[in-house]
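Taken verbatim from Swiss-Prot:
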DISULFID  C75-C323  disulfide bond
DISULFID  C732-C787  disulfide bond
CARBOHYD  N63  N-linked glycosylation site
CARBOHYD  N249  N-linked glycosylation site
CARBOHYD  N257  N-linked glycosylation site
CARBOHYD  N363  N-linked glycosylation site
CARBOHYD  N401  N-linked glycosylation site
CARBOHYD  N406  N-linked glycosylation site
INTRAMEM  585-600  intramembrane segment
MOD_RES   S645  phosphoserine
MOD_RES   S710  phosphoserine
MOD_RES   S849  phosphoserine
MOD_RES   S863  phosphoserine
REGION    861-880  region 'Disordered'
SIGNAL    1-18  signal peptide
TOPO_DOM  19-536  topological domain 'Extracellular'
TOPO_DOM  558-584  topological domain 'Cytoplasmic'
TOPO_DOM  604-609  topological domain 'Cytoplasmic'
TOPO_DOM  631-805  topological domain 'Extracellular'
TOPO_DOM  827-906  topological domain 'Cytoplasmic'
Amino acid sequence: MQHIFAFFCTGFLGAVVGANFPNNIQIGGLFPNQQSQEHAAFRFALSQLTEPPKLLPQIDIVNISDSFEMTYRFCSQFSKGVYAIFGFYERRTVNMLTSFCGALHVCFITPSFPVDTSNQFVLQLRPELQDALISIIDHYKWQKFVYIYDADRGLSVLQKVLDTAAEKNWQVTAVNILTTTEEGYRMLFQDLEKKKERLVVVDCESERLNAILGQIIKLEKNGIGYHYILANLGFMDIDLNKFKESGANVTGFQLVNYTDTIPAKIMQQWKNSDARDHTRVDWKRPKYTSALTYDGVKVMAEAFQSLRRQRIDISRRGNAGDCLANPAVPWGQGIDIQRALQQVRFEGLTGNVQFNEKGRRTNYTLHVIEMKHDGIRKIGYWNEDDKFVPAATDAQAGGDNSSVQNRTYIVTTILEDPYVMLKKNANQFEGNDRYEGYCVELAAEIAKHVGYSYRLEIVSDGKYGARDPDTKAWNGMVGELVYGRADVAVAPLTITLVREEVIDFSKPFMSLGISIMIKKPQKSKPGVFSFLDPLAYEIWMCIVFAYIGVSVVLFLVSRFSPYEWHSEEFEEGRDQTTSDQSNEFGIFNSLWFSLGAFMQQGCDISPRSLSGRIVGGVWWFFTLIIISSYTANLAAFLTVERMVSPIESAEDLAKQTEIAYGTLEAGSTKEFFRRSKIAVFEKMWTYMKSAEPSVFVRTTEEGMIRVRKSKGKYAYLLESTMNEYIEQRKPCDTMKVGGNLDSKGYGIATPKGSALRNPVNLAVLKLNEQGLLDKLKNKWWYDKGECGSGGGDSKDKTSALSLSNVAGVFYILIGGLGLAMLVALIEFCYKSRSESKRMKGFCLIPQQSINEAIRTSTLPRNSGAGASSGGSGENGRVVSHDFPKSMQSIPCMSHSSGMPLGATGL
């Protein structure tokens, strides 16, 4: 019964894990020769695979230069149900293969020469060489040289060289030796000798390259003064023994470094293999194409294992597909396999194996080798980021690095976001691949530049490193280095004096300082009259006084200046013997003129005198500056939501007790306050060490949580870089206030006297000069931020205007309208009451006398605004009718009293 139950459980688990995923994966193989080293490497790589699914090869031996045969074999394997095909091609067959792969969605993995294609279903294992070749030519400062090439490899490298030659004014003589005979070689080199061409680039495959070098030796063109650059990735695959004694200089590239740990281990396993197919391999010089073949098999294995873990159904059911169907029917699961292949990344025989979105190798390193009469030596390396790095840099970085490269170093670090973090699916990885973060990538770059293998180990106590005051023992990462448990510390480890006494630091890879983290306060709501905020209260008061003062001055100068008074124009029929002088700038008109100018609206009157115009001009200039300044500030004040921070600096913290503040329990920040002699920091340290409950926290995460839960009653002191990172993480409720309290840096630490000190130091300087350190910080701080482009980094956030921002403007409008209605009502009542009183006292005058008085009266020439109103006008004159003297003595009786009234009673 137990056996049945166990069998059932095993079957159920297998069905869950590998649901819809085949246990056996058919892969194709197209090889030009069954006895080739590449074929042996292919079979050996398959024999080393242990994890499911199992790769079953379908191998065909084919003439890779025959398009018809290649088409037949390709379609045959596709019809048999292969999931991917590994093989070689030549110039005559590459277009056919890429066309079929793109149409059918079948992935083709090849170690052949790279081609410029946008077909992502062709995975090119061989790195591109053109950029590295140009870097070497530029390093040697060649201006005139010969480029010998084989057209069978394509023309991409030659085209790149010619394009660069046009930019840099190089003189390049290109020679195609595809069909060159032995006599042709002789004539070629004789012609080059006549032209004194002794700088030559040879771009050929290894077999043809050996033949060309043989002709060079035979024609004795390998003496002193000749310099050959071999545009080939297998410098060690070529027989150069006869060049050692000749004096010629030969430079080339080596993709595989068989002295590295991984290649040496794999090569030893291959050499010791008992498989019969491997016995004919030349173990002294395995070719780089064989290493590419081995890595190609591993690429396929890694991709299918990834698909199996993700439970992606790629099984081929029913008809396997017709290769020659018209129109071609693409394989539905092909795109999933293509994506999985491009996402593979591992350290293989050829170094870092990684592909870009076009299926080409990326992030690879080429070793630059040179052979002179004194032997073969490495003169540097080339990669996509650094370009060519001469070996002189390596020598300065610690002399001979062979001792560095012959062991695996322990790199201690600490789990701290975003420096070192466990991946979400860390249980699916092993070793260094389980981690990600700024320091993880930095450690990889340092190891690549120095040239050593390493293993990341998280410090057991989770501390950076401090000395116990009682036992004098070091803990944390510093203790790991001091007591020999680690070789390097790559972490946010602050460079301090006490640490520098026991360990060595590199140059800082990041500059920072102690900063203050608080909980982000609530945004303050704008006041009703927030539109007045752009100018201070004192300025508004000064503007009011200036307005009144200008109006009074304008009134006075208008009264004193004779040019401000003017006569009214006479109307036709008016007696011109009388002359009325008027002045438009009474006190009310002066106030109205000043208000109109300040509001930039103007009015109907303007000063006539020079003094009045001076007053108006300076007032206009004053209002121009004030209004412009107000408008400039108004946009910022109305569209920015402001947060009122309870503290803005360390001084604010020190002089209050309501908000508690603390640091990490063991770290450089605590040591800074403990050792500081600055009064403010001494006061803060006195508070922190005596505060109850304790204000110190064990981890940065604990401090962050305490800030968030304290409701603004706790401030955490930490490095500015970590503060900025936390500010960018959800729930985006913390913020950095004030400037940094000090200035320091993070460094890579090594034990005292370590051989890694100088190499690591120079590597950090190089990464800084290349801008890689800034790129890494932007990647892990801001590109991966969760608080938007503004993030928590800004205390002010631009937003649209709300009604509360401009409510005061509407209140003033409503108030002004109400006041106008009230004043109009008062004016109406006052006028009605005045008219009523006047009418009651009006005397009765005979109609004939009144008519005669009206006919004989003299009217002013220009009634104007003041004349039409009667009584005293704004212009300072009195307008009245001039009745004849005969009418002035007419007696009249009041209706009320019957008393006689004179003309003056009117």
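In case you wondered, yes, glycine gets a Cβ from its N, Cα and C as well.
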Residue among recorded positions N63, N257, S645, C732 with Cα closest to the Cα of C323 (disulfide bond): N63
N257 (N-linked glycosylation site) to C75 (disulfide bond) - Cα separation in whole Å: 37
Neighbours of S645 (phosphoserine) among the recorded positions C75, N249, N363, C787 (Cα to Cα, within 10 Å): none
Those residues of the chain, 6+ apart, with a Cβ under 8 Å from that of N249 (N-linked glycosylation site): Y226, H227, Y228, E370, M371, K372
Spatial neighbour of N63 (N-linked glycosylation site) that is closest, considering only the recorded positions C75, N363, S710, C732, C787 and their CA atoms: C75
C-beta crowding around C732 (disulfide bond), within 10 angstroms: 17
Outside the topological domain 'Cytoplasmic' (604-609), six or more residues from its ends: residues with CB under 8 Å to it: 554, 557-558, 561-564, 566, 584-585, 589, 593, 615-616
Number of Cβ atoms other than its own within 10 Å, given for S710 (phosphoserine): 15
For S710 (phosphoserine), the one of N363, C732, C787 that lies nearest, given that the recorded positions are compared by Cα: C732
Separation of alpha carbons, N363 (N-linked glycosylation site) and C787 (disulfide bond) (Å): 31
Collapsed DSSP category at C323 (disulfide bond): coil
Residue distribution over DSSP helix, strand and coil in the topological domain 'Cytoplasmic' (604-609): 0 helix, 0 strand, 6 coil
Listed in sequence order, residues with CB under 8 A of N363 (N-linked glycosylation site) and six or more positions away: N352, Q354, N383, E384
Residue with minimal Cβ packing [other Cβ atoms within 10 Å] among the disulfide-bonded residues C75, C323: C75
Residue among the recorded positions N63, N257, S645 whose Cβ has the most other Cβ atoms within 10 Å: N257
Local confidence of the prediction over the topological domain 'Extracellular' (631-805), expressed as mean pLDDT: 82
Cβ neighbour count (within 10 Å, all chains shown) around C787 (disulfide bond): 17
